[in-house]
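Here is what Swiss-Prot says about this protein:
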BINDING   Gly34, His35, Ser36, Gly37, Ser38, Gly39, Lys40, Thr41  ATP binding site
DOMAIN    1-236  domain 'ABC transporter'
DOMAIN    294-359  domain 'Mop'
Amino acid sequence: MNTEIKARFRVDRSDFTLDVDLSLPGRGITALFGHSGSGKTTCLRAMAGLERASAGYFALGDEVWQDESRGHFIPVHRRALGVVFQEASLFPHLSVRGNMEFGLKRKTTGTTRFSLPEIAELLGIAHLLNRPPDQLSGGERQRVAIARALLAAPKILLMDEPLAALDLKRKLEILPYLERLHSELAIPIIYVSHAPDEVARLADHLVLLDAGRVVASGALNQVLSRIDLPAAFADDAGVVIEATVAEHEVDDLTRLEFPGGAIYVSRRHEPVGTPLRCRIHARDVSLTLLPQMQSSILNCVSASVVDLAPTDTPGHVLVKLDVTGEPLLARITRRSAEKLEIRPGLALRAQIKAVALLA
């Protein structure tokens, strides 16, 4: 069964042109990432049918929703999709339950995978069903908006910076629920964001946009580890590793294992065997040619240099490393690179000074 998403759009405006040609996975979270004005929201609106591209094609598996070459265009209200915007836009005269029931009325396909009580439980809003929207926090309103979208039985969920209007506390409140959706839903999610932390935590696939064009598209780490794109991530350059809790040690440390080896973090509460996603910034990795020695840095792994490239920061370079098949980035000074004679193929040790757990 074909589940791939095909999206080709050209949208011309007086001061901006969107011109994209994408093939995206039919499952998991695809993040559309870029700076303000890069075309992320325009691309998402074109996918939804809210922005009709003069030259456009959009297919979800074998279902073609738009093909301008044949004059074919299914309007947004007839598409089996859910859309969540920055603002929740709940109906103020309806309770949480009433807003969710509105989603049921919008179904364009047969059955909803989850019932209203199941969705409410999944998103942690079961205790809020009788409340009016004005008695909800920003994070709670967004969860209700997501629930309403899911009850319409969508075949794809489009999310336009759903956390942008929330403060840090509310963002941290809602992120675990988005992760739960990721694991529970069989439908693809297209997620627009300009926040690297959100992308690193949630995405499986990453599309990098700039000035209306696709700069890069691929599996998350494949794009994150590209050293020809340092300007896109700047100080946030780094990689994501998928690790597993291996052991809780007696000195309040937890050992995580990943294909490239093991890393230690402060003691975690998750049981052994639990998968954890971690982020390692390039700025938190230093390099040494010396063998493993006494050091306060616990996490030190053997690596080989793949390539290096200059960064936007004068006097610095970005080094791509291979750690038993896993990519790792290090940002060091040009002077250090010259002193250590950093070059492709060089074997060395990478010292990881900090690991950010994305959970």
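A Cβ is built for glycine as well, from the same backbone N, Cα and C atoms used for every other residue.
Note that the structure is predicted; figures quoted are calculated from it, not measured.
Taking the centre of the Cβ atoms of Gly34, His35, Ser36, Gly37, Ser38, Gly39, Lys40, Thr41 as the ATP site, the nearby residues of that chain (Cβ within 8 Å, site residues left out) are His194, Leu209, Asp210. Other Cβ atoms within 10 Å of the Cβ of Gly34 (ATP binding site), summed over all protein chains shown, number 23. Break the domain 'Mop' (294-359) down by DSSP state and the numbers are 6 helix, 36 strand, 24 coil.
Thr41 (ATP binding site) is surrounded by 19 other CB atoms, counting those within 10 A of its CB over all protein chains shown.
Cβ environment of His35 (ATP binding site): His194, Asp210 lie under 8 Å away, each six or more residues apart in the same chain.
The local packing around Ser36 (ATP binding site), expressed as other Cβ atoms within 10 Å of its Cβ over all shown chains, amounts to 7. Comparing local CB density within 10 A for the binding-site residues Gly37, Gly39, the maximum falls on Gly39. Its Cβ taken as reference, Ser38 (ATP binding site) is surrounded by 22 other Cβ atoms within 10 Å in the chains shown. The Cβ of Lys40 (ATP binding site) has 26 other Cβ atoms within 10 Å, all protein chains considered.
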